[in-house]
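Features of the protein shown, as given by TrEMBL:
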| type | residues | note |
| --- | --- | --- |
| ACT_SITE | GLU333 | active site, proton acceptor |
| ACT_SITE | HIS334 | active site, proton acceptor |
| BINDING | TYR132, GLN195, ASN218 | NAD(+) binding site |
| BINDING | SER244, GLN266, HIS269, HIS334, ASP367, GLU421, HIS426 | substrate binding site |
| BINDING | GLN266, HIS269, ASP367, HIS426 | Zn(2+) binding site |
Amino acid sequence: MNACAPAILDWNALDAAARAAALARPASAHDEALRRAVARILAQVRADGDHALHLLTRRYDGCELDALEVGDDEWAAAEAALPAALKAAIGEAHERIALFHRATAPGPVRVETAPGVVCERVPRPIARVGLYVPAGSAPLPSTALMLGVPAQIAGCTGIVLCTPPRARDGRCDEAVLYAARLCGIRRVFKLGGAQAIAAMAYGTASVPRCDKLFGPGNAWVTQAKLQVAAEPQGAAIDMPAGPSEVLAIADDAADARFVAADLLAQAEHGPDSQALLLSPQPALLEAVAGELERRCAALPRAAIARAALANARLIRTASLAQAAEISNAYAPEHLILNVREPRALLERIDAAGSVFLGAWSPESIGDYCSGTNHVLPTWGHARAWSGLSVASFQKQITVQELSADGLRAIGPCAATLARAEALEGHAAAVTLRLAALEAAA
Ligand SMILES: NC(=O)c1ccc[n+]([C@@H]2O[C@H](COP(=O)([O-])OP(=O)(O)OC[C@H]3O[C@@H](n4cnc5c(N)ncnc54)[C@H](O)[C@@H]3O)[C@@H](O)[C@H]2O)c1
Ligand SMILES: N[C@H](CO)Cc1c[nH]c[nH+]1
Ligand SMILES: [Zn+2]
């Protein structure tokens, strides 16, 4: 019996309820008990500031901190301790991520919409941004790059980063610190979970208050971000980036080992990760089930992957086109098109955080170093949200400038529309000037 591999479902034999169940996500980040517990943590930090942060860090991260902020000696020790090969890999990934993010950064736009009427859009960095780098089950220095690089390119000046400290020595992961420094980040706080989000949203004596919070995390982090964003005057958030998800579509050309490895790569993130495979090929589905079983057991994080595979689905579809339809309905964070003609299938895709085309584009490469961002919408939010980019760290301000001729040309249009809305004051701001121009002519 398969301890890891989920059963194979035939989509066209499922009724509507079974189909909905097959695409349902684990409700970890939206559980009512969690919601209440997170609200308590937020209130505690709001009321007691640093004192609450010390207490919550002792309770949830198992360490007693002298100072919440990483000091000079810890920065230096991290730099000294990191192996050269890891520093080089972080540097190499940084370069490619920066290359892609610079190329996709919005620049200023200027359009003359009528003679004498100039409209512009100018990007401005968000001043104070708060980045969250997960480190509960494993520190993720790659996430420090995915947050730090676009923040740096956007020109944000007040960057704060929070990441949970290690229980054994109360220090932050060395690679996270190294990646942060490479992105020009100088203020890192040893805080995790909902308390880190509260600290950055409200500010405390030690932690500066931020205008917008970024980064993925577990259910505590995601729920805390949703709650602070819903408060009046609360910090904005990037997106609800919760437990990792992958959906693969594969045909008979796919290597079952590659497909299974891609599913397990996301399953090992956490017990609430979700992995789906859609294929019209029963033989491939069977082979992937076998590979999942074999490979899951061999992973160091087998227990986590096994728990996540309880949420996994292997689904037989009538065709690749039907697989694309199901994928669009699910809107996965990561979509792998491991098929003979991935570009053709991509044409049918309209909702996914990031797409990986063909046999040689493993999802893990996007997690680390292809150049795209790995902070992506989960939970179906890819229907309406995009992954992080430089634009996420900016505001886009529009500007207009009219010459006298420009106002003469388009002023009557505005006055007519204003009167249609019974806003005579709006119309007067235009017609007064038009009259002044006529008088001066
Ligand atoms: N969507 C994305 O772009 C993306 C990217 C990377 C990682 N992820 C996800 O991020 C998550 C990382 O989770 P993690 O747990 O490893 O690290 P984490 O840093 O998100 O969470 C650890 C913190 O959770 C808090 N916590 C844990 N148990 C608690 C409890 N019982 N009560 C209150 N607080 C508690 C602690 O304060 C701890 O510091 C995974 O789910 C992974 O899938 C998503
Ligand atoms: N797959 C994660 C996003 O869902 C990102 C990540 C970081 N490290 C490895 N993977
Ligand atoms: Zn990953």
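Just so it is clear, glycine is given a Cβ too, placed from its N, Cα and C backbone atoms.
Here the features listed in TrEMBL are painted onto the structure.
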residue	record	DSSP class
TYR132	NAD(+) binding site	strand
GLN195	NAD(+) binding site	helix
ASN218	NAD(+) binding site	coil
SER244	substrate binding site	coil
GLN266	substrate binding site	helix
GLU333	active site, proton acceptor	coil
ASP367	substrate binding site	helix
GLU421	substrate binding site	coil
For the recorded NAD(+) site, enumerate neighbouring residues of the same chain (Cβ within 8 Å of the Cβ centroid of TYR132, GLN195, ASN218, site residues themselves excluded), in sequence order.
PRO134, GLY136, CYS162, PRO164, LEU191, GLY192, GLY193, ALA194, ALA196, ILE197, GLY217, TRP220, VAL221, ALA224
Cβ under 6 Å from an atom of ligand 2: which of these binding-site residues qualify? The list is TYR132, GLN195, ASN218, SER244, ASP367, GLU421.
SER244, ASP367
GLU333, ASP367, GLU421: which of these recorded positions has the sparsest Cβ neighbourhood within 10 Å?
GLU421
Give me the long-range Cβ neighbours of SER244 (substrate binding site): same chain, 6+ apart, Cβ under 8 Å, in sequence order.
PRO216, GLN266, HIS269, GLY270, SER273, GLN274, GLU333, HIS334, THR378
I'd like the Cβ neighbour count for TYR132 (NAD(+) binding site), meaning other Cβ atoms within 10 Å of its Cβ, all protein chains included.
30
What number of additional C-beta atoms lies within 10 angstroms of the C-beta atom of HIS334 (active site, proton acceptor)?
26
Cβ under 6 Å from ligand 1: which of the recorded positions TYR132, HIS269, HIS334 qualify?
HIS269
